[in-house]
Amino acid sequence: MVQFKLSTASLLALASYAAAHGYVSSIQADGQTYPGADPHNPNPESPGWQAENTDLGFVEPSAFSTPAIACHKNARAPPAHATVQAGSTIKLTWNTWPESHHGPVLDYIAPCNGDCSSASAGSLNFVKIAEKGLISGSNPGFWAADELIQNGNSWEVTIPANLAPGKYVLRHEIIALHSAGNPNGAQAYPQCINLEVTGGGSATPSGQPATSFYSPNDPGILFNLYQSFDSYPIPGPAVWSG
């Protein structure tokens, strides 16, 4: 009888495929709560982009050069917007997030240059407004995604105070690294939300398309969690200074 032995890392990675992945199910902005984009039950009142991710799956590194990396697979802009004042904080709550899916949490914003309901994911130019990666430890360490779980599967992001009024798309993303030690193993979970930003200043970001954010061999994408390490290079562009 042939016997196979798997490492702890391999077992964790395999187990993760059976875990339920999540999506942003609730958006709180300026005292209002909006429904997120449920992949199985679209809600016309949601400012979240509806994508073809009914498997609650991910965008893999081989697709990072396609529009799927912007707002998930074949994402479509909704007519609704969440209203938020520049400088205030938005709370994004996921319906669930697996404990095995350690990794960074990143937030971007892109101007729609008009109404966001007619925007396409591939045409948006984003700037990064927040990022958080490794917090402490290694093998696998404590990560931003773990902090999200500790906070009731929620994450807060502050809209830049100097952002010019207008309509924008907020891109919120977790990159799960539990399989990222293997080529094409990282898992990106981008979520997009239409915003109408009020108040603020006069800064309008120029940004870049999401297809230029990451490459499959970036050190923060091809990264082995299950080893000793002192730091983690957060992928993507630098945080926008305004």
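Using the three backbone atoms N, Cα and C, a Cβ is placed for every residue, glycine included.
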For the Cu(2+) site that Swiss-Prot lists with H21, Y189, give the additional residue from the candidates H101, H102.
H101
Choose one of C71, C112: the cysteine that Swiss-Prot connects to C192 by a disulfide bond.
C71
Fewest-neighbour residue among binding-site residues, criterion Cβ within 10 Å, set H21, H101, H178:
H21
So among C112, C116, H178, Q187, C192, all listed as recorded positions, which is physically nearest to H21 (Cu(2+) binding site)? Use the C-alpha atoms.
Q187
Using a 10 Å cut-off, grab the number of neighbouring Cβ atoms around the Cβ of C192 (disulfide bond), all chains included.
32
Over the span of the region 'Disordered' (31-53), count residues by DSSP class, listing helix, strand and coil in order.
0 helix, 6 strand, 17 coil
Residues flanking the Cu(2+) site, with Cβ no more than 8 Å from the Cβ centroid of H21, H101, Y189 and excluding those residues themselves:
G22, L56, F58, W97, P98, I174, A176, Q187
